[in-house]
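Taken straight from TrEMBL:
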BINDING   Gly17, Asp79, Asp80  Ca(2+) 1 binding site
BINDING   Asp39  Ca(2+) 2 binding site
BINDING   His369, His374, His552  Fe cation binding site
DOMAIN    2-118  domain 'PLAT'
DOMAIN    118-675  domain 'Lipoxygenase'
SITE      Trp103  site 'Essential for stabilizing binding to COTL1'
Amino acid sequence: MPQYTVTVATGTQWFAGTDDYIYLTLVGSEGCSERTLLDKPLYNDFERGAVDSYDITVGEDLGDIELVKIEKKKYWVHDDWYCKYITVKTPYGDYIEFPCFRWLVDDKEVVLRDGRARLPQHDKKAGVAKQHRHKELEQRQKTYRWKEWHPGFPMSIDAKAHSELPRDIQFDSEKGVDFVLNYSKAIENLYVNQFMHMFQSSWGDFADFERIFVRIKNTISEYVMEHWKEDFMFGYQFLNGCNPVVIRKCTEIPDKFPITQKLVEDSLERGLTLEEELKEGNIFIADYELMDGVTANATDPCTLQYLAAPICLLYKNSQNKIMPVAIQLGQTPGEDNPIFLPTDDQYDWMLAKIWVRSSDFHVHQTVTHLLRTHLISEVFGIAMFRQLPAVHPVFKLLLPHIRFTIAINTKAREQLICECGLFDKANGTGGGGHVELVQRSMKTFTYKSLIFPEAIKERGMDSKEDLPYYFYRDDGCSVWEAVISFVTDVVNIYYEKDETVQEDEEIQAFVKDVCSFGMQDFDRCEFPKSLQTKEQLVEYLTIVIFTASAQHAAVNFGQFDWCSWIPNSPPTMRKPPPTKKGEVDLKYIVESLPDRGRSCWHLGAVWALSQFQENELFLGMYPDEHFIEKPVKEAMAKFRMTLGEVTKVIKNRNEGKKLPYYYLSPDRIPNSVAV
């Protein structure tokens, strides 16, 4: 009688093993095996990290093994089980791999296809495989449901809490992503417990902030603390800080910012007029118009908090440094909205720069970071689960890049950015201002802005000759090219021609779901509703991977470096923007900055958000072998080699630099948005 040997691998994460009963059924083209209990006498089956083998004897040859059905039944209490993969050895000595990489919970079953990726048009219309494909998506669409968290937001997962999520997309350990626990742990590790409840209590002076500042020798954060008052440091952050996406080349001074030659002539070094400097491409601008009229945090009646919508004019000097030359703290010019200059009193100029840095912090946190990486990646992830079965090559390609993304966002909505959440404790846009910012930003958000090289070019920042020290641009373009090359290799394996893309009903449904549901069909966003060519598919998938990995890394993991010194990135301001010059002193500035309690919560936040996940997987690391085909594995190896070369170039450039830029070094780019 024919005998099949089934090998079952249990995951290595915490609580992956089970004591429940595990049953298996082989489904072949010529018949099915009996439902078989996988159990060896006097042996503890399915322990964490175990690889167990079992023999299944059948009456007749089952033909080609098409599916493997796994069922888990309660032994004593429900005991979840994480199955990595199943391998079937046929009576003829052939090995068939069935990747699983999912949790079996309660008394439910999982049906697996073999590991070869297939497009929907390549399955027989009336075959078992086609039926399995449809059934899997039907179940997923019931499980992964869209929900609007706030009007005007991208859609999110329909779950109020992390515990309500499907087990497959939850964190392995819920404690690892508990914001309250992590913030408290951060505050404890940073030795600032004594200050965290001292709201309304101001610091004495700038040196007083050092009492909560962790000085680690030779780090960027220490360099920032030492040089934050200097104009070159202020300007440098627009290029290589944690929000390097606001600055743009200025070709014409806007009417709302009435800068004249006389105002800035002392700051222009080349002997040219302001108009000539504009034509030469040496003038840049950072406009925080998005902040205009946003509601400031009013959750604490004992502390008034304020926001501003500044405009900052920047000048590339003869040393190619970006220097501030004029700041206006509001969008409407007038006598009560003066233009501050480097030649003003030192405290006037210092406070004007602090206001710009505070506004930049709010835009970074809410728009650059939350909206443009977290929320957008969640949209892609939900649509992927709803429209692409596990056998689809694009599902296999994208799955590592949405790992834990829906979980981290759900936790954020549960604890961080919700009403009365941690965001309200320290941020000037807490209490609803952050919601307004996302809603406003969505009105100008476009699909094209997610294409990294085009976004750089649209801001006029693409010339390496004009801006030789814009490392965010240089490293980002290198990683973008590496990702697009990898995606092209994978797409070419499965899509022979443009018509193959057009005939792929599942990829078309995925793209449409993103646009019509995830982005709520906002025409202004210009997300495609279909893809017609391989080139369009490559670009789309590159956007998904790059946004989740590189773009998130660039704007997330530098938060402690650039924002831990409170005066450089104040999360809130306790006095309104000045309306006149010559009335500011050091005491006024310190009293404008966050109090002791808010400073500590802010420090805990940027520390916690800057940490890599335990057992982090970085770009190019694919330990779960969803793909079994050799050409894809070769493409992955090539991808890792290319990323290694990029890493080496960045490492060599950073040698000896006091301000190294490493956020887009591939060995520091996690695969997904998970923190």
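Each Cβ is built from the backbone N, Cα and C atoms, and glycine gets one as well.
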- Gly17 (Ca(2+) 1 binding site) to His369 (Fe cation binding site): how many Å between their Cα atoms? 36
- Spatial neighbour of Asp39 (Ca(2+) 2 binding site) that is closest, considering only the binding-site residues Asp79, His369, His552 and their CA atoms: Asp79
- Cβ neighbours of Asp79 (Ca(2+) 1 binding site) where a neighbour is any other Cβ within 10 Å: 16
- What are the DSSP helix, strand and coil residue counts for the domain 'PLAT' (2-118)? 0 helix, 60 strand, 57 coil
- Specify all same-chain residues, apart from the site residues Gly17, Asp79, Asp80, whose Cβ lies within 8 angstroms of the center of the Cβ atoms of the Ca(2+) 1 site, ordered by sequence. Phe15, Ala16, Thr18, Asp19, Asp20, Phe46, Trp81, Tyr82
- Averaging the pLDDT values of the domain 'Lipoxygenase' (118-675) gives 92
- Round to a whole number and give the Cα-to-Cα distance in Å for the pair His552 (Fe cation binding site) and Asp80 (Ca(2+) 1 binding site). 32
- Message: Just to verify a number: CA distance, Asp79 (Ca(2+) 1 binding site) to His369 (Fe cation binding site), in angstrom, no decimals.
- Response: 37
- Message: So among Asp80, His369, His374, all listed as binding-site residues, which is physically nearest to Trp103 (site 'Essential for stabilizing binding to COTL1')? Use the C-alpha atoms.
- Response: Asp80
- Query: Around Asp80 (Ca(2+) 1 binding site), which residues of its chain at least 6 apart sit with Cβ under 8 Å of its Cβ?
  - Reply: Phe15, Thr18, Trp103, Leu104, Val105, Arg167
- Message: Cβ neighbours within 10 Å, counted over all protein chains: which one of the binding-site residues His369, His374, His552 has the most?
- Response: His552
- Given the Fe cation site His369, His374, His552, its other Cβ neighbours within 8 Å of the Cβ centroid, in chain order, are Thr368, Leu370, Arg372, Thr373, Ser377, Gln551, Val555, Asn556, Val673
